[in-house]
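Notes follow the structure.
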Amino acid sequence: MGNTDQSTEQEDFQPKGAIAFFLILIVMYTVMWFSLYFELLGRG
Amino acid sequence: MNLETFQFSKSAKKLNSLLIIIPMVLLFIGVYGGLMQTLFRAGIIQSDPFMGGDYYKGLTIHGVLNAIVFTTFFAVALGNALIPYSLKMNLNTKAAWASGILMLVGSVMAGVVMLMGEATVLYTFYPPLKAHPLFYVGLTLLVVGSWVAFFNWIPMYLKWRRENPGEKTPLTVVGMFTTFIVWLIATASVAVEILFMLLPWSLGLIDEVNVMLARTLFWFFGHPLVYFWLLPAYVMYYSFMPKLADGKLYSDMAGRLVFMMFVVFSVPVGTHHQYMDPAIGSQWKLIHGIFTFAVALPSLITAFTLAASLEYAGRQRGGKGLFGWITKLPYFDKEKWFFSYLISGLIIFIFGGISGIVNASYQMNTAVHNTAWVPGHFHLTVAGPVLLAFLGGSMYLIHQFMGKPVKMKGWTLSVPYIYTIGVSIFSWGLMRGGLLGMPRRTNTGASYANPESVLYQPDWMPYIDITVIGGIIMFLAIVIFVVAFFATVFARSEVTAEEPKVTFPITAPLHNEPSLWLRNFKPFIIIAIILIVLSYTPVIYDVLQSTYDGSLPYSPNSPVPLR
C-alpha cells in the first residue's frame, strides 16, 4: 500500500512551476549577460 | 518531523561546539573589519577607531578571517557532524581534536600577526606583498588541520562501504567528501606556493620571488576555494532544505551528479582570474574560461532540482497554480528558522551566479576586471549563500551539540532577510560603481572619494554612499545573529533524562534512482586529474618560460622594497 502510494505520488508530480522558474532564470541570465556585453561594445 | 538520531561522544560534541564558537568570534572581528572597509572607502574614517591601523590591514583581516578561517572551520565541523551521523559510526576523536588544535593554533598565529600589522597582504597574499613568516605558517597549519579532519573520515567511509556492499553512500557523505576532495587537490598548489616560495622569501632565505608563478599557484587554489565554500552550502540545500519545507528531494541522482561534476570541473578553471596577467598564452586562458562555464552547469542543475523539490513541498502544503507553491513555503515559521537562511542564500545566489558568468567571459572580463564589480559579485556568493548557510548551520550545530534551545527565534529568523536587503544594496552599489571604473582593493576614501584630491570622482560618490548604507545593514544583521548565537550558547541546557542525541533534517528523495555510475569517486577523480594536467601544464610552462626578474618584498604603504 505504502509503495503504491509512493509511486502514484511520484508519477503525479510534474514540476511545471520549477520548469517555468528555470526558463525565466535562463531568460533573465541572458538579458543580464547581454546588457553587460552591450556595455562592453559601447566602450568601443 | 520524524528524525533519526545519533549519539555522539561527549568529546566529539565538545570539539564540534568549539569548532563553531571560536570561528564565530573571529568571524565577528572580520565582519567589523568589513564595515570599516565601507567607511574607509567613503572617506568617513582614515584609521580604524578600535583595532587601529590602516585600510589594508582591515581589508586583510576581513578577507582572511571571514573567507578562509571561518569557512574552513565550519566545513570541518559540518563534516565532523554529518559523516558520523550519516554513517552511524563514531568519530576518532583523538585525530579530530588534533585537527581542531592545528587549525586553531594556525588561525590564532595568522590572526595575531595580522592584528599587529605584520601581515598586510590581503587574503590573496599575492607577492610582492610580504607577510611575517608566522602568517604563512599559520595558514599552513590551518590547512593541514583540515586535511587531518578529512583523513579521519576516510577510514570510516571505507569501513562503511565494506559493511554495506551495494548500498548507496548517503548524499550528505558524498557532498562532504566532494568538498574535501576538491580542497585537498586545490590546497596542494598553495602548499607549494607557501612552503617553497613565500615562506623562504619571507624568512629572507631567498631574495626574490617569481610573482607570476606565485599568482598562478594561488589561483590553482583560489577558484576551487570558491567551491570549497559553496559545497557545504550545497550539502545543506540538498539534504536539509526540502525536509525543512516538508518536502522531498526531487532527484537523488541530480544531487550525486552535481557533486561529481564539481569534482571534475572545480580545479582546471583558475586562470580565468588571470585573464589580464601577462606570461600566460590567451589560448590557455580561453580553455580555463570554457571549463569555468562547465562548472556553472552543476549550479544550474541545482537551481532546477531545488526549485522542483520546493515546488513539491509547496504543493504538499496546498500551493496551486504555476507559482502558487512559492507562497506556501515556511519563510516566516519560527520553528523552521533554518529554512530562512537557506532560501535567502539561494535568492542572492541567482545574482551571484550571473555576475560570476560575466567575470568568466573572457572579453567581458575586461569591462569589470579589478573594479568594484568583483567584490560586488563575490559578496553575492561567499558573503551571500555561503555565509547565510554557514550561519544557519552554525546555529543548528551549536543547538544540537550543546543541547541548548535556540534563543531569540524571531530575531534569528529575521537575520537572513535583513542581511539579504543589506547585501543587495551593498553589492549593487559596488557593481554599478565598478562599471563606471571604480577600483576594487583601493582605498577610495583617500583619493577618488576625497573632494580635496585631484583624483576625486564625483560621479562615483552615490554608489560609494550606497555601499555604506548596505554595509551598515549587513553589519546590523550579523550583530543580531551573534547576539542570538551567544544567547543560545549561554542558555540553560534542555533538561533530558539521558545524554541528548544529535539529529539532522535529512531529506528523503522523491525519485531515488539507482545511479550506479555515480557511486564511485575514483573515475571522477581520475578525470579531474587528467583535466588539471592538460589545462595547467601549458600554463605553468608559459609562466616558467617568460623572461622577467623576480621581485623583492614590498608592503602596500610604500613603493620602496622592504629590503
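Backbone N, Cα and C define each Cβ position, glycine as well.
What TrEMBL records for this protein:
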type: DOMAIN; residues: B:1-498; note: domain 'Cytochrome oxidase subunit I profile'
type: TRANSMEM; residues: B:18-40; note: transmembrane segment
type: TRANSMEM; residues: B:60-83; note: transmembrane segment
type: TRANSMEM; residues: B:95-115; note: transmembrane segment
type: TRANSMEM; residues: B:135-158; note: transmembrane segment
type: TRANSMEM; residues: B:217-237; note: transmembrane segment
type: TRANSMEM; residues: B:257-275; note: transmembrane segment
type: TRANSMEM; residues: B:287-310; note: transmembrane segment
type: TRANSMEM; residues: B:338-358; note: transmembrane segment
type: TRANSMEM; residues: B:378-398; note: transmembrane segment
type: TRANSMEM; residues: B:410-431; note: transmembrane segment
type: TRANSMEM; residues: B:466-491; note: transmembrane segment
type: TRANSMEM; residues: B:524-544; note: transmembrane segment
Remote residues contacting the transmembrane segment (B:217-237) - C-beta distance under 8 A, at least 6 residues beyond either end: 67-68, 71-72, 74-75, 78, 82, 124-126, 171-172, 175-176, 178-179, 182-183, 185-187, 189-190, 192-193, 197, 258-259, 262, 266-267, 269-274, 292, 295, 302, 306, 342, 345-346, 381-382, 385-386, 389-390, 392-393, 536
Chain residues outside the transmembrane segment (B:257-275) and at least six past its termini with a C-beta under 8 angstroms from it: 174-175, 178, 181-182, 185-186, 215-216, 219-224, 227, 231, 234, 238, 284-285, 287-289, 291-292, 294-295, 297-298, 301-302, 305, 359-360, 362, 365-366, 369, 515, 518, 521, 524-525, 527-528, 531-532, 534-536, 539
Selected stretch (most C-beta pairs under 8 A with the transmembrane segment (B:410-431)) from B:60-83, B:95-115, B:378-398: B:378-398
Chain residues in Cβ proximity to the transmembrane segment (B:466-491) (below 8 Å; excluding those fewer than six residues from its ends, i.e. six or more beyond): 21, 24, 27-28, 31-32, 34-35, 37-39, 41-42, 44, 383, 391, 394-395, 398-399, 402, 404-408, 411-412, 414-416, 418-419, 421-430, 432-433
Seg_contact(the transmembrane segment (B:60-83), the transmembrane segment (B:338-358)) with at least 3 CB pairs under 8 angstroms, min sep 6: no
Tertiary contacts of the transmembrane segment (B:524-544) (same chain, 6+ residues out, Cβ under 8 Å): 181, 185, 210, 212-213, 216, 220, 260, 263-268, 271, 279-281, 284, 287-288, 291
Long-range environment of the transmembrane segment (B:378-398) - Cβ separation under 8 angstroms, sequence gap at least 6: 16-17, 20-21, 24, 66-67, 70-71, 74, 77-78, 81, 226, 229-230, 232-233, 236-237, 337-338, 340-342, 344-346, 348-349, 351-353, 355-356, 404, 406, 412, 415-416, 419-420, 423, 426-427, 430, 474, 481, 484-485, 488-489, 504
PLDDT averaged over the residues of the domain 'Cytochrome oxidase subunit I profile' (B:1-498): 96
